[in-house]
Amino acid sequence: MLQVYLVRHGETLWNAARRIQGQSDSPLTEIGIRQAHLVAQRVRNQGITHIISSDLGRTQQTAKIIADACGLTMVTDPRLRELNMGVLENRPIDSLTPEEEQWRKQMVNGTEGARIPEGESMTELGRRMHAALDSCLELPAGSKPLLVSHGMALGCLLSTLLGLPAHAERRLRLRNCSLSRVDYQESPWLASGWVIESAGDTAHLDMPALDELQR
């Protein structure tokens with residue numbers, strides 16, 4: 001049975017400032033760096049064989065810390081990027097106009113066909129996240145990969161694995177450097193395919209985390 005660990009990146013400057021990130025970027029805060037070290041210590045003896053990260057800076061910074069702890073080299077996969085938030089990227093949440101806030105609400109509430117101008121739909125996000133996860137099936141037998149990605153991206157992936165709509169990710173709280181695990185099982189008596197073993201585990205973090213204020 002293939003086990004795949006999923007980690008959200010550490011807290012960033014824009015998380016703390018309530019600024020929309022999407023596929024724009026900001027570095028980890030000191031808290032975010034500590035979170036990354038803590039999750040690295042959590043997984044370092046789990047037999048991880050591959051560290052695969054979104055190619056955005058905040059995930060690479062997190063993944064590098066984990067890779068160093070595991071004695072591995074990190075590789076990147078752009079399919080693990082966060083949702084493209086289009087014209088709202090790099091905007092403080094409190095600065096959105098009523099029209100822009102309506103775009104955001106339609107997106108997160110699952111309005112059919114919702115998309116922020118110049119951005120990406122939740123359906124498109126789910127499709128590429130599933131493709132990134134499925135590519136783990138091509139790794140050598142005995143592999144145990146760890147993927148480093150983003151809050152909405154991982155929430156969308158986990159929601160849709162359960163057969164829920166992509167926007168159900170609103171109902172999953174995946175805090176910075178939380179740890180999730182999905183397994184691929186083939187069984188004549190259990191559901192075959194991807195199953196969720198755990199989601200949003202923060203037992204390794206030793207400090208209160210910011211809530212996902214931008215969400």
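Placed from the backbone N, Cα and C atoms, the Cβ positions cover glycine too.
Taken from Swiss-Prot, the feature active site, tele-phosphohistidine intermediate covers HIS9. Within 10 Å of the Cβ of HIS9 (active site, tele-phosphohistidine intermediate) there are 30 other Cβ atoms, across all protein chains.
Sequence annotations record features per position, and here Swiss-Prot assigns active site, proton donor/acceptor to GLU82 based on sequence analysis. Annotation for GLU82 (active site, proton donor/acceptor): spatial neighbours GLN21, GLY22, GLN23, SER54, LEU56, SER149, HIS150, GLY151, MET152, ALA153, criterion Cβ-Cβ under 8 Å with sequence separation of six or more.
Under the heading substrate binding site, Swiss-Prot lists 8-15, 21-22, ARG58, 82-85, 151-152, citing sequence analysis as support.
Other Cβ atoms within 10 Å of the Cβ of HIS150 (site 'Transition state stabilizer'), summed over all protein chains shown, number 24. Annotation comment: Swiss-Prot describes HIS150 as site 'Transition state stabilizer'.
Its own atom aside, the Cβ of LEU83 (substrate binding site) has 28 Cβ atoms within 10 angstroms in the protein chains shown.
Across the structure, HIS9 (active site, tele-phosphohistidine intermediate) and LEU83 (substrate binding site) are spaced 14 Å apart at their Cα atoms. All protein chains included, GLU11 (substrate binding site) registers 24 other Cβ atoms within 10 Å of its own Cβ.
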